[in-house]
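Here's what Swiss-Prot has on this protein:
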SIGNAL    1-16  signal peptide
DOMAIN    34-133  domain 'SRCR'
DISULFID  CYS58-CYS122  disulfide bond
DISULFID  CYS71-CYS132  disulfide bond
DISULFID  CYS102-CYS112  disulfide bond
CARBOHYD  ASN137  N-linked glycosylation site
CARBOHYD  ASN197  N-linked glycosylation site
CARBOHYD  ASN200  N-linked glycosylation site
CARBOHYD  ASN204  N-linked glycosylation site
DOMAIN    272-374  domain 'BACK'
CARBOHYD  ASN412  N-linked glycosylation site
CARBOHYD  ASN432  N-linked glycosylation site
CARBOHYD  ASN543  N-linked glycosylation site
Amino acid sequence: MIMYIIWALLFIPVSAQQWTLFDEQAKPKREGRVRLVGGLPSSGRVEVYHDGQWGTVCDDGWDLAEAQVVCRQLGFPGAVSVASGGQYGEGSGPIWLDDMNCKGSESILSECCFKGWGVNDCTHQEDAGVVCDTGTNATNIRQISVDNSLGLSDDLGLLFDSEDGCDFIIAVQDLGEEAELTLCVHRVILMMYPELNITNDTRNLTVDVSQTCQSHVSALIRYLYTRQIDVSATSAQCLYQLAFIFGVQRLMEDVGRVFTALIPEDNTFQTPVSMYEYGLRTGDLVLQENVLQYLSWNCEFLISSPVWSTVSFEMMDALLQRSDLIVKDEAVLLEALERWIQDKGDQISSDKQASLLSHIRFLLIPVDKLYDIQFSSSALYQNNEKLYLTGLLRGFEFNALPFSKIRNQIDNASSEYLPRIYTGDEWSVFINDTTVSSPYYNYNYYGQSNRIQTFFTSAHPSALYKDQKVQWQAQVFLTLQECSNYGVSCNTLPVARFYGYSNQYSYSNIISYNNRLILTCKNQNNVFHVQEFKNDVAVIPTNSSMGLPNPCPDDYSFRFVVRPQYI
């Protein structure tokens with residue numbers, strides 16, 4: 001009788017709205033899932049699912065280790081080879097991942113190291129692909145996965161909220177004081193996290209959490225059930241700290257990546273400085289790098305903020321070693337360091353002062369400011385006069401002698417003659433107009449668009465090249481018609497172009513130009529993106545291509561920076 005009922009049910013007609021196993025739109029999609037597009041089932045362009053949308057992977061740093069992770073995630077034994085340069089066609093939508101660094105042992109691609117979702121300087125012409133190994137013993141038996149796990153997270157969240165059947169107490173207290181918060185949870189959930197050392201005999205757990213973060217403990221414990229959590233600029237610090245306390249490494253990494261997208265929301269710099277210190281304590285290198293990059297880009301604003309005097313020695317040491325640090329010139333950076341030393345007083349030992357001073361690139365200080373340094377009355381100068389004089393001597397040599405003369409005296413691994421991103425008027429031009437209007441209205445008296453600027457720089461910072469000029473033109477295109485007018489192929493908009501005229505190539509044997517585009521919010525004065533030019537062109541990221549919450553959509557300015565260096 002039971003078999004008859006089941007057999008009869010198979011023939012019950014269904015409505016036109018039924019879901020079938022082969023309905024691609026109705027299949028549940030999971031965060032971090034990957035697929036291959038544009039080729040065979042075992043080869044194609046790699047696409048990854050994030051934030052409700054499929055996107056591609058840039059081929060920068062794309063190697064066999066990354067391909068192995070993708071292929072194993074898809075159920076193949078491994079990878080045969082990688083494909084780059086959009087070999088399987090160009091994708092659409094966001095470019096989610098760039099500069100991937102996989103060990104090869106990760107279970108899914110999103111577990112690999114990367115700077116952040118959507119953080120890239122790529123176009124879809126650089127979409128990565130793979131060729132997977134189908135296995136020598138593969139059979140023709142087809143298996144179709146039935147996945148009903150989509151609602152599991154919500155169900156477990158309801159279980160936490162209801163406390164039904166809870167059998168374990170978490171007591172939260174402020175640094176040894178009496179418990180101020182208790183949560184009743186389920187031991188079996190906590191036992192899934194071996195870092196907590198919960199056994200069948202454990203009945204409770206007491207944790208010390210500062211009062212400022214106690215309100216976030218419940219959200220953290222709920223994450224242990226659901227693997228879902230909302231992160232904001234105000235909660236990121238506490239959630240990161242709590243993830244460290246509870247040993248949830250994956251959440252720490254995820255919060256660090258999310259925080260990268262939220263950094264621009266804090267114009268005071270207090271939150272990123274604090275997050276860097278957390279990154280130091282926990283050994284989170286990705287978080288440290290993301291914070292340092294943002295602070296380097298915004299160094300001009302950071303050194304004039306009250307937070308500058310609170311920066312730790314470790315952060316200062318790391319900042320001064322970076323070449324992506326944006327500042328008017330090297331002399332301004334030295335003055336900021338001297339002011340920081342003055343504010344710190346006796347907290348910074350003479351050895352540490354000397355270490356920081358060694359990161360100043362005296363060779364690149366403008367020669368007139370180099371001359372003035374010898375008359376400095378700063379505490380740093382008084383305590384390290386010999387180091388200053390050595391730096392001044394090397395700086396004057398660099399400005400007076402041809403590079404061929406001093407090349408053998410400079411360590412190839414040294415960064416002392418490599419430029420940072422100097423934004424002084426002699427090395428950069430600023431374009432503030434982002435309006436698209438009448439083709440006649442938006443042009444100046446010379447018939448040139450306000451988004452096209454021509455200017456001159458010296459061929460090199462050395463005084464030897466002071467009177468040898470290179471002419472540059474900076475352009476910002478907001479429409480396809482503008483691109484077409486200047487013979488530029490624009491796959492997306494906006495696009496920036498920056499190129500030197502013919503006299504640039506007169507120095508090609510001794511000088512190279514690694515120019516940069518800086519995007520700055522008009523009203524907030526914070527840099528949120530820095531990009532290299534590839535073949536004189538930079539595709540300016542938008543919300544969809546960055547995958548980040550742009551702090552000033554369609555309301556930012558462009559600074560084009562010339563960066564000459566000896567070859």
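Each position is counted from 1, following the chain as shown.
Each Cβ is built from the backbone N, Cα and C atoms, and glycine gets one as well.
Taking the features listed in Swiss-Prot, we show where each one sits on the structure.
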residue: CYS58; record: disulfide bond; DSSP (3 states): strand
residue: CYS71; record: disulfide bond; DSSP (3 states): helix
residue: CYS102; record: disulfide bond; DSSP (3 states): coil
residue: CYS112; record: disulfide bond; DSSP (3 states): coil
residue: CYS122; record: disulfide bond; DSSP (3 states): coil
residue: CYS132; record: disulfide bond; DSSP (3 states): strand
residue: ASN197; record: N-linked glycosylation site; DSSP (3 states): coil
residue: ASN204; record: N-linked glycosylation site; DSSP (3 states): strand
residue: ASN432; record: N-linked glycosylation site; DSSP (3 states): coil
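Each of the disulfide-bonded residues CYS71, CYS102, CYS112, CYS122, CYS132 was scored by how many other Cβ atoms lie within 10 Å of its Cβ, and the smallest score goes to CYS112. Sequence-distant neighbours of ASN200 (N-linked glycosylation site) (same chain, 6+ apart, CB under 8 A from its CB) are ARG187. Put simply, CYS71 (disulfide bond) is 14 Å from CYS112 (disulfide bond) when counted between their Cα atoms.
Taking the Cα of ASN197 (N-linked glycosylation site) as the reference point, the closest of the recorded positions CYS71, CYS122, ASN204 is ASN204. Here the candidates are the recorded positions CYS71, CYS102, CYS132, ASN432, and by Cα distance the one nearest CYS58 (disulfide bond) turns out to be CYS102. Among the listed recorded positions, namely CYS58, ASN197, ASN204, ASN432, the Cβ with the most fellow Cβ atoms inside 10 Å is that of CYS58.
Straight-line distance linking the Cα atoms of CYS102 (disulfide bond) and CYS71 (disulfide bond), rounded to a whole number, equals 13 Å. With helix defined as DSSP H, G or I and strand as E or B, the domain 'BACK' (272-374) counts 77 helix, 2 strand, 24 coil. Distance between Cα atoms for CYS71 (disulfide bond) and ASN204 (N-linked glycosylation site): 42 Å, as a whole number.
When the recorded positions CYS122, CYS132, ASN204 are compared by Cα distance to ASN432 (N-linked glycosylation site), the shortest distance belongs to CYS122.
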